[in-house]
Amino acid sequence: MIDPFKRLARKGLFLFDPETAHGMSIAALKSGLVPACQITPDPRLCQTVAGLTFENPLGMAAGYDKNAEVPEALLKLGFGFTEIGTVTPKPQAGNPRPRIFRLVEDEAVINRLGFNNEGHEAAFGRLAALSGRGIVGVNIGANKDSEDRIADYVAGIRRFHSVARYFTANISSPNTPGLRDLQARESLAALLSSVLAARDEVAAASGRKVPVFLKIAPDLTEEGMDDIAAEALAHALDGLIVSNTTLSRDGLKDQRQAKETGGLSGVPLFEKSTAVLARMRKRVGAALPIIGVGGVSSAETALEKIRAGADLVQLYSCMVYEGPGLPGDIVRGLSKLMDREKAAGIGELRDSRLDYWAARKV
């Protein structure tokens, strides 16, 4: 339940259109107006995934800090890691405004931003100036007008390999025409071959091998999931992120806003994304890391992602409704859930409801 102060702050922020409010929140983090979260590190929440050690399993998903303006400020809110981007080689404006819509009754957001960002060079300059403390991933994408989208992903690997703690290849945004076609098996094989070859080449030269994750859509057929799992394993991908936004509008209360085109995120995405997560875990086996995203709004929903097969979880849209105190609340809540479950480590609980979620309707 949102407290009265948060309710008042949200009401004030919601007087502005969503994109203006987003810019205001970035400015507040930059200026230090948002207080840091005081969390006592809990070793039970610590996870080593893809060779990286995460103080806790909660991350900020890509899409909020597109241009790497506030990664350190986000980490101070209690996140165990954060992900900047999606960044493309060249700056691009994205789709025309309005392009973000709040569905307040549903605690959801629809966006059709279209990879608006300042490009590789701007983000690289900011990341290079960071202290180096904390895990900051880089989510890479392709320009809308690119003649060779795979080359754009390779360019991202080459540009950011010295500053990224991990990469995410985002091929699942519904807002760049044709981008999701890269999830088709033949295209995906070509993408992974090129991206991982570039990563290995720069690793050989630098001595620094950066893990690569693939972010996939929730709107996949069973055959599509089979294909992605097979290619991920065949190419020794470092991990998956499940999932991006959905095109589905099932069960929404706000039918007026539901008519807007774009990807839906927030609370209504939880069931679908968690079911796809479990299905992918079944397909890839126990060893491949998976980050679960979609509808995480509490410690309970974060833990449920882990029970469904995730090693780590991310959120974004639910913070729009709950405010910057949400990550701290979730991390503290996870510690309490560890007490309740009498678990020595959160990894013990992974897959404990895998069968349940894998059987759920997608």
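Think of each number as a place in line: the chain as shown, counted from 1.
Every residue, even glycine, has its Cβ placed from backbone N, Cα and C.
What Swiss-Prot annotates here:
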type     : residues                                                                                                 : note
ACT_SITE : Ser173                                                                                                   : active site, nucleophile
BINDING  : Ala62, Gly63, Tyr64, Asp65, Lys66, Thr86, Asn139, Asn170, Lys215, Ser243, Gly266, Gly295, Tyr316, Ser317 : FMN binding site
BINDING  : Lys66, Asn111, Arg112, Leu113, Gly114, Phe115, Asn170, Asn175, Asn244, Thr245                            : substrate binding site
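Swiss-Prot feature annotations superimposed on the structure.
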{"residue": "Ala62", "record": "FMN binding site", "CB count, 10 Å": "27"}
{"residue": "Lys66", "record": "FMN binding site", "CB count, 10 Å": "21"}
{"residue": "Arg112", "record": "substrate binding site", "CB count, 10 Å": "21"}
{"residue": "Gly114", "record": "substrate binding site", "CB count, 10 Å": "20"}
{"residue": "Asn139", "record": "FMN binding site", "CB count, 10 Å": "28"}
{"residue": "Asn170", "record": "substrate binding site", "CB count, 10 Å": "29"}
{"residue": "Ser173", "record": "active site, nucleophile", "CB count, 10 Å": "25"}
{"residue": "Asn244", "record": "substrate binding site", "CB count, 10 Å": "26"}
{"residue": "Gly266", "record": "FMN binding site", "CB count, 10 Å": "24"}
{"residue": "Tyr316", "record": "FMN binding site", "CB count, 10 Å": "21"}
CB within-chain contacts under 8 A for Tyr64 (FMN binding site), separation at least 6: His22, Leu74, Tyr316, Met319
Under 8 Å by Cβ from Lys215 (FMN binding site), same chain, sequence gap 6 or more: Ala62, Asn139, Thr168, Ala169, Asn170, Ile171, Ser172, Leu240, Ile241, Val242, Ser243, Asn244
Inter-residue Cα distance where the pair is Gly266 (FMN binding site) and Gly114 (substrate binding site), in Å: 18
Inter-residue Cα distance where the pair is Gly266 (FMN binding site) and the residue listed as 'active site, nucleophile', in Å: 15
Rounded Cα-Cα span from Arg112 (substrate binding site) to Lys66 (FMN binding site), Å: 14
Rounded inter-Cα distance in Å - Arg112 (substrate binding site), Gly266 (FMN binding site): 15
Largest CA-to-CA spread of FMN binders Ala62, Gly63, Tyr64, Asp65, Lys66, Thr86, Asn139, Asn170, Lys215, Ser243, Gly266, Gly295, Tyr316, Ser317, angstrom: 20
